Amino acid sequence: LTKMQPSGRHYVVVRPLFSEDSFAEQHERINRTRKTLRHHLKDYFTCDTNRAKNAARSLLPIIGWIKNYNIKEWLLGDIVSGISTGLVAVLQGLAFSLLASLPPGYGLYTAFFPAIIYFFLGTSRHLSVGAFPILSLMVGAVVTRLVPDGGPPANITGFEGLSMEQQRVLVASSVTFVMGAFQLIMGMLQVGFIVMYLSETLVSGFTTAAAVHILVSQLRFVLGLDFPGVNGPLAIVYVISYAFNFEKRFNVVVVGEMVDGAVEAFPMAIVGFAVAFSVAKVYSVKHDYTIDGNQELLAFGVSNMFGASFRSFAASTALSRTAIQESTGGKTQIAGVLSAMMVLIVIVAVGFLLEPLPRSVLGALVIVNLKGMLMQFRELPFLWKNDRTDFVTWVVTFVASLFLGLDLGLAVGLGAELFTVVCRTQFPRCSLLANITGTDIYRDRKDYNSVSADLNFPSSRTVLFNQGASANFQVAVSLFLFSRCLEVRQPSTDTSEDNNSMEGLDQPIDFSGIPIQVNWNTELPANISVPPVNIHSLVLDFSAVSFLDISALKGLKATLKEFLRIEVDVYIVSCDVYIMEKLHQCSFFDDEIKTSIFYPTLHDAMLHILENHSERQYNCVRNRRL
C-alpha cells in the first residue's frame, strides 16, 4: 500500500521498498505497439483534408496569423515601424554592399526581394530580413578571391565579355543561390536543431572577430586609402602588410598568392540561419509566440534563392534593424513588407538622390553599426571568472576567425566547442554521496555536515558514484576499478634472470581465462600483494544515461563481473525504462548479472544495502571500538 499525505510544506510517503523486479510485479506495464519506419513513412505520405490544411499552415505561416490580424491596434504600429525600418534598410543596404565588394545599389536588392518571400514563409513576426554585415563580408571574401582588384579573374565559364563589376555580381549571386540551396535542403531534412551546436559563446567570439575584419575593411573607404581587398587565411595581417609596404620598405619576404578551395556557401548558410534564429527567438519569447527552426531554414533558403535570381546577395538579419522594427511598434511582418516597399521606392524612383553620397559616409555607417559586436570584448573577464572552458572557446574562435578567415574560423571554433564537450564528458565530476538526515536526498558528503549517522554509507563501506551530467558511465566505473587493480608477483629462484629481466617487471600480467576468486577478508599469501578494498557495495546512478550502444553494454557487463569476482555487490538505480528494454533485447542478463540489481530510486537501493549489511556493519564497528 502506498500512501501520500500532504502536510504544509512537507510530504509523507509510505510505500514498500521496491526493486525493479518487485515494482514490475505490483505495477504491470502496458505493452504499447510502436510504429515501425514503414508505418511512419506511410503516415507521412498519406494525404487527407486535415493533413493538407496543416501542411499549408506549416509551409505558409502567414495563413495562421493574417486571419487574426487586429487592424485597429496593429496597423498604425506596423506602418510607422515599416517606414522607420525601411529608411534604415536603405542606408544599411548601400553600406553593406561595400563589405561584399559590390556596387552600393545591389544592397537595395538584398533589402527587397528576400523580405518579400520571408513575409509569406517566415515564422518570426519581428525579424527584419536583409543584408547582414558578417554575411556580406563572407560574400566579399568569395568575390575578391575569384575576381581580385588587381590581376585576372578566375577561369570560370560565363565570365567572358563581362566587366569586373558584372563578374563580381555574378559571383555574389551564385554563392548566395548555393547558400540558399543549402538552407532549403537542411530545412527539408528537418535539421533546424543544428543551431544548438553554436553556443552563445562561440557566436560571440565569431562575431567579434568578424567585426574586426569589417572595421579593417572599411578603413580604406573612410580614410580614402587605395589598396586591394584581401580575404582568406592571414588576410588581416596581409592588409596591414600592404598598407605599410613591408615587402619594399623593409625587404620582408611575403608569402604571395594562395589558392583557397573551401566551400564558402555552407558556413554562410549556417551563420546566416544561426544569427537570424537567435534574434527571432529573443523576440518570440518577449512577445509570447513560437517560431519553427526548420520552417525558418525553408524561408531563408527560398528567400536567398529567389533574391539571387535578381542579383541580390546573402540575406539574414541585422540586429540593429530588427530592434528598430520592434521598438517602433511593429507587430507583424506587414512592417517588414512595408519596409521592403520603401526600399523599392528608392530603387525605382529616388535612387538618383543618393548617387552623390560619398563612400566614406557609407563606410562610417558600417563602423558605427559595429559598436555592439566590438563591445563583446567585455564578456571576457566574466567568462574567465565564471567559466574557463567557455573563455577558451571564445578566444580560440576569435583568434581562428581573425587570422584564418571567417569560414575556417567558424569550423575551428565549432571543433573547439565539441572538444570541450568531449572533455567534460570523459572527465566528469565524481563524488561520494551521503544521506541528508531525515530525507531521501543524497549530496556530496564533503559539502554537508547534516549527514545521517545511520545512513552514512561511505563509512559503512558502500560507495555511491555520482557522475554529474555525464552519461558516460564507463569512465566513472573504469576509474574506480582501475585504481584497485590486482598486483601479483611470483618469487623467482633464478637471480640471474631477475637481473637480466628487470625491464619486464612493469609489464601487465594477463589474467584472461583464469577464474580468480579472492576472499578479501582473509590473509593472503606473501607472494600476492593487493591494495585493501574496504567496500562491499557499489551503486551506479543511471539517471543521466540516455542511451547505450553495444560497446557500452559489453564494457558495463565486463565491469560488473569484475566486481562480482571480488565480492563487491553492484546496484544500478534510476535506469530508464527503454534502456532496460535494450538490456533485455541484447541478452545482457545471465546467471551472474540479474535484474535484481536494478532499483527504481537511489534510496530504495541504499535501504536494501543497509538491511543486508546491518549485522556486518555492527560487527565492524564493534571490532573497531575494541
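Glycine too: its Cβ is placed from the backbone N, Cα and C atoms.
The model shown is predicted, which means the values in this text are computed figures rather than measured ones.
Here TrEMBL flags 79-99 (among others) as transmembrane segment.
For 106-123 (among others), the entry in TrEMBL reads transmembrane segment. Counting residues 6+ beyond its ends, the transmembrane segment (106-123) has Cβ neighbours under 8 Å at 59-62, 89-90, 92-97, 100, 129-131, 136, 169, 172, 280, 290-292, 295-296, 298-300, 302-304, 306-307, 310-315, 333-334, 336-337, 339-340, 343-344, 346-347, 351 in the same chain.
Among the features that TrEMBL reports, transmembrane segment is placed at 129-148 (among others). The list of residues near the transmembrane segment (129-148) in space but at least 6 beyond its ends in sequence, with Cβ under 8 angstroms from a Cβ of it, reads 89, 92-93, 96-97, 99-102, 107, 110-111, 114-115, 118, 122, 154, 156, 164, 167-168, 171-172, 175-176, 206-207, 210-211, 213-214, 217, 228-232, 235, 260, 264, 267-268, 271-272, 275-276, 303, 313-318, 321, 336, 366, 369-370, 405-407.
For the transmembrane segment (194-216), the list of distant contacts is 99, 133-134, 137, 186, 235-236, 239, 270-271, 273-275, 277-278, 293, 366-367, 370, 373-374, 376-377, 379, 383, 390, 393-402, 406, 409-410, 413-414, 417-418: same-chain residues at least six beyond its ends, Cβ to Cβ under 8 Å. Residues annotated as transmembrane segment in TrEMBL: 194-216 (among others).
Annotation comment: TrEMBL describes 223-245 (among others) as transmembrane segment.
The transmembrane segment annotation in TrEMBL covers 265-285 (among others).
The annotation transmembrane segment is assigned in TrEMBL to 297-314 (among others). Sequence-distant contacts of the transmembrane segment (297-314), counting only residues of its own chain at least 6 positions beyond either end whose CB sits under 8 Å from a CB of the stretch, comprise 59, 97, 100, 102, 106-107, 109-110, 112-115, 117-118, 121-123, 129, 131-132, 135-136, 138-139, 169, 172-177, 179-188, 191-192, 268, 272-273, 276.
Look at TrEMBL and you will find 334-354 (among others) tagged as transmembrane segment.
Annotation source TrEMBL lists transmembrane segment at 361-379 (among others).
Annotation comment: TrEMBL describes 391-419 (among others) as transmembrane segment.
Taken from TrEMBL, the feature domain 'STAS' covers 538-609.
A Cβ distance under 8 Å defines the sequence-distant neighbours of the transmembrane segment (334-354), meaning residues of its chain 6+ beyond its ends; these are 69, 74-75, 77-79, 81-83, 85-87, 89-90, 93-94, 104-105, 108-109, 111-112, 115-116, 118-119, 127-129, 325.
Sorting the domain 'STAS' (538-609) by DSSP state (H, G, I as helix; E, B as strand; all else coil) yields 36 helix, 11 strand, 25 coil. For the domain 'STAS' (538-609), the model's pLDDT averages out at 87.
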